[in-house]
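A.B. asks: Mind having a look at this structure? Questions to follow.
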Amino acid sequence: MVRVAALITFLACVVLSEATNEPGFCAFYEECGRNPTVGGSLIPPIVPCLDPSPARHLTGEHYRRFKQVCPMLDRGETNTFACCSLKQLSSLETSLTLSKALLVRCPSCVENFAHLHCINTCSPNQTLSVRVTKVMNVTNITNQTKEAVVAYQSIISATFADAAFQSCKNVRIPATGGFAISTMCGRYGAKLCTAQRWYDFQGDSSNGLAPLDIDFRLIKEDDTAGLPEGVIPYNGRALKCNETTTTGGQVCSCQDCQESCPSVPPLPLPPGPFTLFGTNGFLAISIILLCLLILAFGLYLIVSCLMNSNNGKDEEKGKGKGKIKDQNSNEVTQRIIKASEVTCADRNSLAAQAFMSLQFQRWGTFMASYPLTVLLVTAIVVAVFSAGLKSIELTTDPVELWSAPNSRARQEKDFHDAHFTPFFRTNQLILTAPQRKGHIYDSLLFGKQNFSGLVSKDLIIELLELQTKIQKIEFWSKDLNRTASLKDVCYAPLNPSNPSLTDCAVNSLPQYFQNSLDNINAKVNMTELGVTKEVDWRDHLIYCLNSPLSFKDITDLGMSCMADYGAPVFSFLAVGGYENEEYTNSEAFIMTFSLNNYLRDDPKFKVALQWEKEFLKIVQEYQRNPAANFTFAYMAERSLEDEINRTTAEDIPIFMISYAVIFVYIAVALGEYNSWKRILVDSKFLVGLGGILVVGCSVLASMGFYSWIGIPSSLVILQVVPFLVLAVGADNIFIFVLEYQRDARRSGETREEQIGRVLGQVAPSMLLCSLSESVCFFLGALSTMPAVKSFALYAALAVLMDFVLQMTAFVALLSLDARRQDSNRCELLCCVSVSTQRPNKPNEGFLLPFMRKYYAPVLLHRYTRVIVMLVFIFMFCASIFLMLNVKVGLDQELAMPQGSYMLDYFQYLYKYFEVGVPVYFVTKRGFDFTQVEGMNAVCSSVGCDQFSMTQKIRYATDYPDRSYLAIPANSWVDDFIDWLNPGSKCCRLYTLGPNAGQFCPANISGFLCGRKCMVSPPNGVVRPTVDQFNRFLPDFLGNRPDLQCSKGGLGAYDTSVVTDERGEIIASRFMAYHTTLTNSQEFTAALLRTRELAKEITKSMRKVPGTSPDFEVFPYTVTNVFYEQYLTIVPEGLFNISLCLLPTFVVCCLLLGLDLRSGLLNLLTIIMITVDTVGVMTLWSIDYNAVALINLVTAVGISVEFVSHMTRSFALSIKPGHVERAMEATATMGSAVFAGVAMTNLPGILVLAFAKAQLIQIFFFRLNLVITLLGMAHGLVFLPVLLSYFGPGVNKAVLFQLQQAKPNLEMTSNMQEIYDNVSYEETEIKQEPVSHNRSDPADASRPSQVIGERIDRF
């Protein structure tokens, strides 16, 4: 046998050597039959016969066919010789057609590609550049045995080869956005492909396309050593991609040919940071402002000192003139006030306060007189309002919460979903195996390759088992009334009407093996370059990861790379965590199940939710399995909403504990503790509980009312509104109850009258705060964000209802409690009474004496005040700088609770994914795609406008760091044109049979379909007529892509083009890909950049004749509705907060009788609290977003509580100097504010630190803690000092009225009776109760009556 083999080899060499290496001779001619060495080829591997003979002269049909296939070799019918027969030309054309389908966008590339193969097959000088290296006996269909060429060597010039490669390397595949060369370079893909590797793949018979092996040798011009004698490397002229072809084909487009691109200016750089004087501009402004404010304050102090010095001298000279100056140079009335000195503002303030006090006094007395009736009526009213809760609608859809229905992103989403159906639902696993060691695999075909520990056979099989288990999910569906499975809801791009499980789009690594265990286990011995080795799953995987569009690998395994559902699985969808396209060294497997998305009222929406629920069960069960070898993260489409709802449910106990802590504090703090024997009598447990119930009822009434009228609620409302109303309500309760406890009942005054009088004293202040907050929130409802709008509406009505219930139900509750306390009955044991009597003097508690004796004097000391002003000025300026640097956005991880599986998923997603989310450029009605101008304005292939729609998107991808676009848009227009191109066999018509004249798919025999849809245009630019466009577009969209025609539109474009009943295109979309986006700032920037790009595209397309002036192109990404708000949230936030600040100023001025100075100081302090809050947000890593905006609006409301009570108390004080009045306000009202606002909020806020939800920890614990602490600091530290310097003067109308009402008494000793703002001084507390000094019961109401009678005089 050895001798026989040697003889055969010798004879073959003798035969091969007979070929003559001279011009005009052929090495082979005519077809001999199938290549016996090639199996499983995608096209018949027909090989030529060995035939060293002269080239044939071509005439007639032979010549015409030759000119059609190889026009570059045509020398005229009288002078054209060739070495190929008609059959060879037919086979060559078939082979070239498959490649032309990918390269047809670039005519010069197509010609260069055909040029080489025409030279090898048909050149009349074949023997000069072709050397036959292997022949075999082949028996044809007529049983004739001939010597056939099964391998040869093609010797070509490197110059020609490189030029041809350069013309083709940038040709794109519109459907994927990738390069056509990636499917024609085997394992190297587009990035590593070179001319030599490109030709090697073409000459490899194992690729399923080449009928025989061709060894391409690329010879440099100065390197001819080693070439056989007479062999001359072919060095024809290869066209550049920006050159026209020999047949008149136009230059390639910019998208496929860099040389054809016009000079495009680079995208503008993002604006740099704002600078001033060479440094950070915001810092410079803040420092300048700080210096100016400190300078202004310093000048004020200097002027004040000088004026005080002069006033001291004047005082010595002019004693007894009735007027002196305090230490701030403010004029203070000392003795007698003349009517002419009383200003209009003073009269208005007196009139307003007297009127409100009198009305509230009457109201309080009435409410306290009929407590049970009042409680019954209020309970009925609350019950009526709360009944609406039966129809409450709780919004949990994030889109409905954060995107306004009339917002641009929402309208774009609605348009997209209405025309193209919602974006499919993603269910995904990202799996790793970090502890496993990798290995190096020495591949026969690909050399040494690094394989990570993850990419191993056992893990791929385990991944396949998990995938199969998920695919087999079945469950009973009530909506379908049958057992449902994946095929009922899956996204099946190539069989959407009646999918099977194998039609469902599942993207994973096992799809490279068609999910077949047999394919994974397959192995075969293969010989390459004389070396025989075993090839297995690793060789197939290497090839498929680099060439996912291949229908057959280049190994002897002969397996396809396409998924079982018929589409390719791109590498970035199967693996992640690789570098430099070393896919086998990946750190993660990615498995994605895509489901159809449905509208929420569609029955199948619930079926999809059920499937995802079962998916999560299986995945979580697998994760708990100790035998699992993967460490992984996962998510379902429903996971975000599920986790948010779960978090809310789990954190409800935290909120309940928070409210309980607040309740306990209120119950304890409101009590009077004079004696252990009376502790159960003087406690205020039931009053505290009543106050909590009032808050709860106000919230329920608000929610019920809005439920009646159809305004939905949300979880944000359930969490924030009770907290807000509790803060506001508790403050008012404290002020009212403490004022009652500090008051002494007058002689002859009934309990009800005392409660009414006390209410008259404090209710104006309560009204001031409640009305300011309520109007603030009602104006906040002008926000366009649904969550902010609904929150503001619910909060506004809840605050208003809380005030109403405090004026009614709580007054009645206090009246009942006062009866019990007066009867010395215990609180919880009403039938038990104690003998110890209640002390006669009013109960001041602990805070009031402390703040009067220690806190206020220290705070308002001369030097302390200066320090306080300087510190708060610095805080304000620093906060302005920090505020201008606050981050805008909300990363989706923060919406998840700690320990959520979604946090792991986000971490894996950002770490391992190599490409971002898809972005669609959507066209609306009004553009005529059927016209040539319309097609050219959109497409990116030959003949298209250089600045067409897809070209502009392609230009943007050249700057991914600025455009946030990574992959150019696919284009159904381009692929439709390529599909129509006669150079491919995609669009043909039946010429025989019952379907004659109708569209014929590419997989049907050419015998039945002998006619092309279009004829070849002279210039090579294919453009259908209007009739052809409308006729063949549906065929294109319904054509399933396959090896014969990869341009079919089914799956890629069938849902991307929408026509009306007349066939007019009313919507279409073009899909590109973003770069990897990892935070809300990048998502927002990407949205902004794509909108700018779409705006430019719209402008240019409107210039096309026949385009409607309202035609529009817009970008759509599924995340746009969430991130659009951050484009406008800063100005909208400023608008909302300004609207909230406005009523605090207006209401304060009106209720204080047009006291502009008090209103301005009130407003200034609230602004400082808000600015400082945003500044601390920057320091504490709290981003500014819609949730933060809700809290900032809340901050304004809470700030009113800290500030307005104090401002009013100061404005109505009649102490002789500013500092004394500030001390009085700090002691009396400051103690109530501290106990009622600060200490009510803080315990509840601190409890929220234990919540699981990061959103609650950051935006409710941190932010509310900041708001409360800053509110307390400004209200109890800064504001008293500010008022002591710049507060309004004493109300002279009050003093003058006192003089008129009680001319024989000292003003200060009876001011408590004349004016409703009670002032407790040590001298007053030491005296006996007023009831011992009064004999006339009518005196109790006389002061108010006297004031009321004399108002008209002013």
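Even glycines carry a Cβ here, placed using N, Cα and C.
Just lifted these from TrEMBL, have a look:
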| type | residues | note |
| --- | --- | --- |
| SIGNAL | 1-19 | signal peptide |
| TRANSMEM | 281-303 | transmembrane segment |
| TRANSMEM | 366-389 | transmembrane segment |
| DOMAIN | 651-816 | domain 'SSD' |
| TRANSMEM | 652-673 | transmembrane segment |
| TRANSMEM | 685-709 | transmembrane segment |
| TRANSMEM | 715-738 | transmembrane segment |
| TRANSMEM | 758-785 | transmembrane segment |
| TRANSMEM | 863-884 | transmembrane segment |
| TRANSMEM | 1133-1153 | transmembrane segment |
| TRANSMEM | 1160-1180 | transmembrane segment |
| TRANSMEM | 1186-1204 | transmembrane segment |
| TRANSMEM | 1225-1251 | transmembrane segment |
| TRANSMEM | 1263-1286 | transmembrane segment |
A.B. asks: Any chance the transmembrane segment (1225-1251) and the transmembrane segment (863-884) are in contact, meaning at least three CB pairs closer than 8 A with a sequence separation of 6+?
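C.D. replies: Result for the transmembrane segment (1225-1251) with the transmembrane segment (863-884) is no.
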A.B. asks: So which residues does the transmembrane segment (1133-1153) touch in its own chain, when a touch means Cβ under 8 Å and the partner is 6 or more beyond its ends?
C.D. replies: 345-353, 356, 764, 767-768, 771-772, 775-777, 779-780, 782-783, 788, 1159-1160, 1162-1163, 1166-1167, 1170, 1184, 1189, 1192-1193, 1196-1197, 1200, 1204, 1207-1208, 1211-1212
A.B. asks: Which one of these stretches, 281-303, 652-673, 1186-1204, has the most C-beta pairs shorter than 8 Å to the transmembrane segment (758-785)?
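C.D. replies: That would be 1186-1204.
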A.B. asks: Would you mind listing the long-range same-chain contacts of the transmembrane segment (281-303), meaning Cβ under 8 Å and 6+ residues beyond its ends?
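C.D. replies: 273-275, 329, 866, 869-870, 873-874, 876-878, 880-881, 884-885, 1285.
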A.B. asks: What is the average pLDDT across the domain 'SSD' (651-816)?
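C.D. replies: Reported value for the domain 'SSD' (651-816) is a mean pLDDT of 81.
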A.B. asks: When you scan the chain for residues with a C-beta under 8 Å from the transmembrane segment (1186-1204), skipping those not six or more beyond its ends, what do you find?
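C.D. replies: Result: 402, 716, 720, 724, 727-728, 731, 765, 768-769, 772-773, 776-777, 780, 783, 785, 787-788, 791-792, 795, 799, 890, 1125, 1129, 1132-1133, 1136-1137, 1140-1141, 1144, 1148, 1162, 1165-1166, 1169-1170, 1173-1174, 1177, 1233, 1236-1238, 1241, 1255, 1259-1260, 1263-1264, 1267-1268, 1271-1272, 1274-1276, 1279.
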A.B. asks: Report, as numbers and ranges, every residue of the chain located at least six residues beyond the transmembrane segment (652-673) whose Cβ falls under 8 Å of a Cβ in that stretch; write 'none' if there are none.
C.D. replies: 679, 682-685, 687-689, 691-692, 719, 722-723, 726, 730, 733-734, 737-738, 741, 843, 845, 1235, 1239-1241, 1243-1245, 1247-1248, 1250-1252, 1256
